[in-house]
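A short write-up of the structure that comes next.
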């Protein structure tokens, strides 16, 4: 750490009134580009307009102007998020059975949408219990509202109005910080200040205020709810905040105020800042007092972290110094130059952030079921399945986005003349070794993982079960995974002496938790079936990485096309006369990577859905006998490809296929429609541009004959446009098909 004398001069961080506010440009589509602004000659114009509208790099080369546009757009994005949240809360306030659900969450399903009977579609309003008819929702909003201490639909209504006010504030901020007081480039590049404010402000004070809300509002209200008090009789949130005696009745140590804090007698607060571990047996969720404790601890860590970086007072860490000192014995210049890259290329910055956020989102997906954070979430199987699936898809898309922006950085922002022997340069210089090894790994994993299934299918077909890989014949137990499970299950009292239970019941060792006769969570057994499918996961993930990483490492040049950087991020081929150079652009790698990301995530969510129905979710009788939804058939059925097709896809599709005439029939229609959207994509992916151009010419001829030809000349989609439309419909169709299949199934049986 270097300590320099503080600099007294005042820095001016904004420009006043840099851009006049005017609506004239709104009337000129494509005002950001000279070519597009001329208006359409051919139908390609509308595609270029959409492709380039948000590509700020192509509007100007001025980094300050680009930064301001991105910054302003972020406020617009936040405004949309607040608007969306407001809509969710408004539905809860106006169209939901939230108050009824609150009084009996085990027998009443959450619903916040009632279909109007216009053409007879009121059939979709199923009976969710308690005499309420509506569409069952699986977003988890009811559970999070209960955890926050919301007890009435009026409170939801007020929150919805509050979110609308914030949405308009964000819109105003977006306009203000572009037209009235726009930050200078130096402000965007002041990473130490940004770190301090984001760490201490957003994460530190954000967590602290949430911890405060949980202690003063959520905990007491949930205490009353758990005890069966009618929500209408529970004091309102502000009463707990203003009247300490109310809290002291529930938590006696509240009467002592801040004295235990200053006398370091902190254990007095253990009533509401607990360290219990495990799940609350009443709600099947994590203990809310544990969650409050967690947020308080996190807040303190981030508040400290937000004071570590050097800004005005010449004390603290400088990011540039940290990065440049980061050298290993075998890494040449190490991270030298990374600081310059990350403060001048927003694509490089975004790429890192997307990779981190995508990975975090996938980690969240796995924690939502193994450590269910909200009351009555674990027994709402539809919501559990939806939350896992949703976070897996989002994580997958974010990680592909990370590769996309890394490649854009390589093409547009990377300057090879200034980079020598730093980590990035060294990776680029041995990219052939990286990609060829990765390729070998993919071939190995593909043949071996798939080979195990093919072996099992063959033995099963020949009637030789004793020669199959299974828990009852040739065992391939996942011993490393079981070892990790055992370490965690045995941690309390050994490696974590302060803990009373392990972090998650899924590790094993504990008793199952059931709420209202339904299983919330139990130790998850792993066997040969999991070993097989985990190697399919390894295979699909490595292929996705191979495609995406090859796109990044060969974005600027390759043996095939040494001057690739000059062709840009997306191009169809290296010009006429160079055969075999199509589909090599960085964009095409993102395109291909999306398909393999879709493969990867599909296998994960199928594995999760079947495993949970087979080994976790189910009912428990008065005698303590657990009956799982599919009766534990995962271990013996999922070890063949035929088993996946027969006992998972086909057997569990019966609910969506037979949904017509019931309240689930919308899922049946979606299942059909989404298959159609998916099939529609193949038309774009399997045919060439010339085919369509020929067809268009004869259609134009017919229009000319009838004198109804348009002034704008119709053109076939370019190769890139066709692939973009194709992959979009492929993913949209595939994801919506899966959604309909999952939800119809789990709402019917869960």
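A Cβ is built for glycine as well, from the same backbone N, Cα and C atoms used for every other residue.
Some features that Swiss-Prot has for this protein:
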type     : residues : note
TRANSMEM : 70-93    : transmembrane segment
TRANSMEM : 156-179  : transmembrane segment
TRANSMEM : 195-219  : transmembrane segment
TRANSMEM : 291-309  : transmembrane segment
TRANSMEM : 346-369  : transmembrane segment
TRANSMEM : 385-411  : transmembrane segment
TRANSMEM : 433-455  : transmembrane segment
TRANSMEM : 531-549  : transmembrane segment
BINDING  : 573, 582 : [4Fe-4S] cluster binding site
TRANSMEM : 589-610  : transmembrane segment
TRANSMEM : 664-686  : transmembrane segment
BINDING  : 675      : chlorophyll a' binding site
BINDING  : 683, 691 : chlorophyll a binding site
BINDING  : 692      : phylloquinone binding site
TRANSMEM : 724-744  : transmembrane segment
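Within the chain, the transmembrane segment (433-455) has long-range Cβ neighbours (under 8 A, six or more residues past its boundaries) at 427, 468-469, 476, 532, 535-536, 538-539, 542-543, 545-546, 549-550, 553-554, 639-641.
The transmembrane segment (589-610) makes contact with the transmembrane segment (385-411), as judged by at least three Cβ pairs under 8 Å among residues 6 or more apart in sequence.
Long-range contacts of the transmembrane segment (70-93) within the same chain, counting only residues at least 6 positions beyond its ends with a Cβ under 8 Å from a Cβ of the stretch, are 54, 56, 112-113, 139, 141-142, 145, 153-154, 156-157, 159-161, 163-164, 166-168, 170-171, 173-175, 177-178, 183, 188, 346. Outside the transmembrane segment (385-411) by six or more residues, the chain places 138-140, 341, 345, 347-348, 350-355, 357-362, 364-366, 368-369, 544, 548-549, 551-552, 555-556, 565, 568-569, 586-587, 589-590, 593-594, 597-598, 600-601, 604-605, 608-609, 612, 735, 738-739, 742-743, 746, 750 with a CB less than 8 A from a CB of the stretch.
Most Cβ neighbours within 10 Å, among the binding-site residues 573, 582, 683: 573 holds that distinction in the structure as shown. For the transmembrane segment (724-744), the partner stretch with the highest count of Cβ pairs under 8 angstroms, out of 156-179, 346-369, 531-549, 664-686, is 664-686. The number of other CB atoms found within 10 A of the CB of residue 691 (chlorophyll a binding site), across every protein chain shown, is 10. Within its own chain, the transmembrane segment (291-309) is flanked in space by residues 147, 191-193, 195-201, 203-208, 210-211, 214-215, 218-219, 272-275, 316-319, 373, which lie at least six positions past its ends and keep a Cβ under 8 Å from the stretch.
Sequence-distant neighbours of the transmembrane segment (195-219) (same chain, 6+ residues past either end, Cβ-Cβ under 8 Å): 147-149, 237, 240-241, 247, 250-251, 272-273, 288-289, 291-292, 295-296, 298-300, 302-303, 305-309, 311, 319.
In the structure as shown, the Cβ atom of residue 675 (chlorophyll a' binding site) sits within 10 Å of 15 other Cβ atoms. Long-range C-beta contacts of the residue listed as 'phylloquinone binding site', restricted to its own chain and to partners at least six residues apart, with a cutoff below 8 Å, comprise 716, 717.
DSSP classifies residue 683 (chlorophyll a binding site) as helix under the three-state reduction. Note on proximity: of the binding-site residues 573, 582, 675, the one nearest residue 683 (chlorophyll a binding site) is 675, by Cα distance.
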